[in-house]
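Colleague: Pulled these from Swiss-Prot:
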- GLN40, HIS41, ARG42, GLU43, LYS44, ASN72, SER111, LYS140: 4-amino-2-methyl-5-(diphosphooxymethyl)pyrimidine binding site (BINDING)
- ASP73, ASP92: Mg(2+) binding site (BINDING)
- 230-518: region 'Hydroxyethylthiazole kinase' (REGION)
- MET281, ALA430: 5-(2-hydroxyethyl)-4-methylthiazole binding site (BINDING)
- LYS355, SER403: ATP binding site (BINDING)
- CYS433: active site, proton acceptor (ACT_SITE)
Amino acid sequence: MKRQIDYSLYLVTSSSLIAPGSTIERQVEEGILGGVTLVQHREKDISTKCFVERAKRLSEICKKYDVPFLINDRIDVALAVGADGVHIGQDDMDCALARKILGDDAIIGVSTNNIEEIEKAAADGADYVGIGSIYETNTKDVKDRLIGITGLRKILEHVSKMHCQLGTVAIAGLNSSNIQRVIYLSEANGKRIDGIALVSAIMCSITPRETAKELRNLIATPPCFAQARSSLTTPKDLLNQIPAALQKLKDFTPLIHHLTNAVAKNFSANVTLAAYGSPTMGESYDEVADFAKAPGALVLNIGILENTKTYIHAAQVNNDLARPVILDPVAVGATTARSKVINTLLNYAYYDIIKGNEGEIMNLAGEQGLMRGVDSISQHTLAARITAVHRLAVERRCVVAMSGAVDVISDGNSTYVIKNGNPLLGQITASGCSLGSVMGVTASICQNDKLLAAITATLLYNIASELAVEAKNSCGDLLVQGPGTFIPIFVDKLHQLINETIKGNVDWIERAKLEKAE
């Protein structure tokens with residue numbers, strides 16, 4: 001009878017990566033004692049005789065602890081040593097033939113990279129599939145098979161709908177720094193990856209038992225940045241919580257670290273100050289860890305593409321400290337290079353709030369979104385925008401905010417539209433970028449409810465624009481005559497709204513046009 005398999009911590013051996021002074025046998029046994037649940041023995045450039053001898057020793061260790069032992073590729077070696085099964089690649093023996101040779105009780109896994117390979121493996125009788133490559137790895141060249149978290153999630157979404165039991169294991173480039181992110185962000189339709197396959201993390205460790213324990217704990221524990229869905233389920237509930245949230249700014253000034261484009265820096269800094277935040281625009285890779293130590297948030301407004309390494313590092317550092325990260329994927333879809341960079345960012349870090357205009361969000365949601373430079377060209381119905389925002393929020397397990405004449409905001413559970421604002425916001429440079437700054441402030445004070453944070457920021461921003469165009473001088477004349485006069489009055493009104501709220505005057509909230517999308 002075929003045994004039940006725990007794929008959680010899947011160790012792939014490598015005799016070329018053994019920690020100094022250790023042996024492959026010691027690394028495997030210590031790894032098992034620390035929590036390894038399955039061992040796959042892989043050898044390269046070694047004689048069959050040596051392969052069999054080493055495999056026998058490892059097989060005995062695995063039997064001692066009742067841990068399944070698989071052989072990579074070699075059906076003959078698996079038979080010779082009495083292994084529990086094999087793992088085969090796309091260029092190895094066909095899975096159906098391997099099943100015929102090894103029998104129904106053998107454990108057979110297949111390396112896969114796409115849905116077609118998944119379907120074939122299942123049809124051929126595979127027990128599980130190794131899915132990847134998730135990231136690049138030093139153990140082999142996988143550049144032509146990289147799928148990232150985005151690709152892994154699409155595959156798991158497909159597997160969740162298959163009418164068969166098929167184990168899933170993520171492979172390539174995985175270690176203690178990224179496995180929680182991969183597990184959390186790849187989950188689809190309730191289907192979570194069954195296991196994480198690692199090589200160097202354990203084989204290179206001088207303390208493999210402790211390393212395996214740490215890895216098992218990480219696999220079983222949600223990441224610190226995991227986002228709970230809002231408990232507020234109606235517009236009234238949300239609006240009632242805004243005053244209490246903004247009151248926190250009376251005694252707390254969050255540091256809002258911006259990695260933004262040059263044209264937005266000045267305005268974003270002024271808006272951050274008006275919103276009771278403290279702006280910093282440091283762009284050095286070496287500074288981001290120090291900035292993240294201060295309570296606040298990170299705003300990634302994608303400007304210079306050459307700063308990708310810094311963007312990723314900054315997001316990951318803030319993820320590790322559970323600091324909110326706001327991503328503004330500026331002009332994604334406008335150029336191939338920009339889309340590639342933003343896709344990389346999505347695969348290497350978590351973002352609490354993704355905000356953008358219609359074109360940007362529709363592109364990320366997999367829909368056609370027209371861009372004219374950094375500007376969006378509206379072409380979708382409100383219903384289509386609501387659907388796209390909700391879907392993207394579900395996929396990325398975050399809050400998504402689409403700005404426009406009507407704003408759409410969702411946490412994947414509840415979706416809302418906001419019908420406040422003035423068209424002059426669209427006629428000044430960096431108005432969208434600076435909304436991200438306000439979201440950074442509100443996310444810092446709404447740590448447990450990023451939906452409330454995004455809605456609060458958007459209402460503040462939009463209502464401030466309405467009040468600005470209504471402002472009059474002592475003679476009764478309108479102060480705002482166009483985009484140029486709008487900017488300073490808008491910044492003033494934004495500051496006044498928060499200041500009045502702190503004092504207890506919340507009449508402005510009555511202007512909110514917040515509706516729940518059906």
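Glycine too: its Cβ is placed from the backbone N, Cα and C atoms.
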Colleague: With H, G and I counted as helix, E and B as strand and the rest as coil, say where DSSP puts the residue listed as 'active site, proton acceptor'.
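Modeller: The residue listed as 'active site, proton acceptor' sits in a helix per DSSP.
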Colleague: In sequence order, which residues at least six apart in the same chain have a CB under 8 Å from the CB of SER403 (ATP binding site)?
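Modeller: Expected: LYS355, GLY356, ASN357, GLU358, GLY432, LEU435, THR458.
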Colleague: Of these recorded positions, MET281, ALA430, CYS433, which scores lowest on Cβ atoms within 10 Å?
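Modeller: Among the recorded positions MET281, ALA430, CYS433, the sparsest Cβ neighbourhood within 10 Å belongs to MET281.
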Colleague: What mean pLDDT does the predicted model reach across the region 'Hydroxyethylthiazole kinase' (230-518)?
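Modeller: On average, pLDDT over the region 'Hydroxyethylthiazole kinase' (230-518) sits at 94.
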Colleague: Provide, as an integer number of angstrom, the distance between the C-alpha atoms of CYS433 (active site, proton acceptor) and HIS41 (4-amino-2-methyl-5-(diphosphooxymethyl)pyrimidine binding site).
Modeller: 51
Colleague: Looking only at Cβ atoms, how many others are within 10 Å of the one on HIS41 (4-amino-2-methyl-5-(diphosphooxymethyl)pyrimidine binding site)?
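Modeller: Excluding its own Cβ, HIS41 (4-amino-2-methyl-5-(diphosphooxymethyl)pyrimidine binding site) sees 29 Cβ atoms within 10 Å.
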